[in-house]
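**Q** The feature domain 'Acyltransferase 3' is assigned by TrEMBL to 14-339. If you look up TrEMBL, you'll see 430-655 marked as domain 'SGNH'. Among the features that TrEMBL reports, transmembrane segment is placed at 20-36, 42-60, 81-100, 151-167, 174-194, 230-249, 255-272, 293-315, 321-338, 359-379.
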């Protein structure tokens with residue numbers, strides 16, 4: 001293994017240039033450039049580089065010493081990564097505290113605490129964060145890849161130590177590592193279909209990308225056998241593969257999955273081809289000064305660019321091109337300063353490098369401090385005014401209750417509790433998740449009943465459960481609930497962004513529910529769907545939705561009276577978050593109806609429903625009296641998030657729904 005050690009011991013300007021390519025792809029993508037819709041693959045390039053460099057170093061140490069000094073290795077990783085990452089973490093907390101509404105800091109605080117412990121990737125996998133989503137992301141979301149790499153650095157040396165004991169030759173070691181890499185790849189493929197967040201964020205599903213870098217480190221021993229011309233071709237093809245992925249891939253690409261192979265193998269080919277220093281290969285380009293500069297500051301630039309681009313745009317209008325360009329310049333300047341005055345001194349300073357114990361103690365103290373600051377940043381001030389509002393009492397119609405103009409001290413639910421205001425069918429297991437295909441038997445309402453009401457649809461149907469439960473009790477009816485996350489009652493296959501695939505589980509569940517409803521022979525069927533979900537099939541979305549609604553309603557009208565409840569607003573900012581910054585001016589969070597309700601789509605739903613023989617309930621005046629969609633009505637907080645109403649709002653609007661359903665007629 002002498003050749004591998006020799007190669008790893010020399011600085012490779014082409015790899016520094018590859019870092020520049022990776023960070024520039026990520027930077028331009030996050031800055032909103034439409035010509036690189038797949039710039040997120042720059043992270044995959046970073047993974048391959050890290051796997052190659054770390055494996056080269058570890059194999060070299062094994063060859064030289066016969067073992068790996070784990071304590072020293074991990075200490076070097078800490079000195080390399082922690083100072084800049086914790087500095088940017090604290091700076092991000094300060095920036096967020098200054099610029100974001102108070103209620104937003106709770107989520108920021110929790111994300112920061114997991115980030116400080118290098119568990120951000122596991123946290124985002126658990127919370128189901130979509131890295132490629134258009135919704136406001138976490139200000140620490142980019143730390144997921146750093147956390148994953150740190151976890152790789154913990155386990156990879158241990159794997160190598162064990163394997164070297166059993167596989168003495170470089171070829172057998174290459175095969176053994178290849179098996180591990182293949183297992184990770186297969187796991188990642190499986191998880192991409194089952195749970196995209198797990199596939200995207202977790203080490204077992206992404207280790208193969210770093211592992212491929214490790215395989216290249218071993219295979220680089222053979223690079224000397226390549227002719228310079230062939231090595232150059234390998235390098236150029238690899239660069240073309242990376243750039244092709246960046247240009248061709250989009251947010252809709254199923255990722256990582258098979259799609260991650262193109263940029264990952266491309267990066268591996270660039271490293272392998274560059275091992276010969278072929279002057280006609282990408283090495284000549286990548287060693288130019290601009291690439292070397294961005295490669296040098298790539299780590300700090302990766303840390304700084306995200307919060308600078310994301311925080312100013314959260315809960316505000318989209319940044320202009322010039323604003324984004326200015327923030328990119330600021331990020332580059334901060335990255336240069338951080339690399340020069342933070343990264344270098346901590347990486348090679350005598351005091352820290354003199355003993356591993358100093359590194360560990362300093363890292364522990366800094367991490368504990370960062371966690372404490374993270375949790376402290378989430379402490380929110382009082383989130384109401386000093387005044388109370390008149391109660392929205394039972395039986396009062398929605399059109400008779402006004403916005404008080406302030407956040408009352410008797411608000412129901414309190415702003416900090418709005419996200420938890422979900423219908424009881426969630427806790428009961430009656431509102432089923434993405435993978436479930438079997439309907440649940442869930443009956444509510446009167447024990448002795450004269451009629452049966454069925455609730456059917458997605459979470460926008462489920463939000464009406466509190467109102468319908470009150471109506472069922474009042475009218476002596478049984479309420480049977482069939483709702484499923486993101487699964488419309490309309491006969492349409494939607495695209496599930498969480499699973500990154502057509503939502504076929506919804507189609508299976510819907511068909512079984514339809515059969516179950518027919519067997520129940522109910523008196524009334526209440527449907528509602530979130531119309532903004534994207535159809536999986538090609539074609540005009542409006543037409544597909546209209547056909548889907550018509551099909552379902554027509555199928556059920558022979559069984560019962562079918563009523564479709566019109567959908568409500570979708571706000572650009574979570575109303576509770578907005579209100580936390582405008583306690584005495586709730587009108588600042590209200591929106592004109594045309595801004596938050598797709599009136600054309602609503603009319604299409606109405607036409608499709610009536611055409612199929614159903615009844616349509618127009619809820620516009622309930623949500624948006626006189627065309628203004630307020631977020632507080634009386635003492636009730638209307639919304640738990642951007643587009644779901646609270647339990648309290650649903651209960652308060654039960655009188656309006658009861659009247660519109662005409663149950664007693």
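Cβ atoms are placed via backbone N, Cα and C, with glycine included.
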**Q** What stretch, picked from 42-60, 174-194, 230-249, has the most CB pairs under 8 A with the transmembrane segment (151-167)?
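**A** Ranking 42-60, 174-194, 230-249 by Cβ pairs under 8 Å to the transmembrane segment (151-167) puts 42-60 first.
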**Q** When you scan the chain for residues with a C-beta under 8 Å from the transmembrane segment (293-315), skipping those not six or more beyond its ends, what do you find?
**A** 15-20, 22-24, 26-27, 30-31, 46, 81, 84-85, 88, 91-92, 95-96, 99-101, 104, 136-137, 139-142, 323-324, 327-328, 330-332, 334-336, 338-339, 342-343, 573, 577-578
**Q** Using Cβ distances below 8 Å and needing 3 or more such pairs, separated by at least 6 in sequence, tell me whether the transmembrane segment (81-100) contacts the transmembrane segment (359-379).
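**A** The answer is yes, given that the two segments have at least 3 Cβ pairs within the 8 Å cut-off.
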**Q** Could you check if the transmembrane segment (174-194) is in contact with the transmembrane segment (359-379), meaning 3+ Cβ pairs under 8 Å among residue pairs at least 6 apart in sequence?
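**A** Checked: the transmembrane segment (174-194) vs the transmembrane segment (359-379), no contact.
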**Q** As a test: from 42-60, 230-249, 321-338, 359-379, pick the stretch that has the greatest number of Cβ pairs under 8 Å with the transmembrane segment (255-272).
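**A** It is 230-249, which has the most Cβ pairs under 8 Å.
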**Q** Can you give me the average pLDDT across the domain 'SGNH' (430-655), rounded to a whole number?
**A** 94
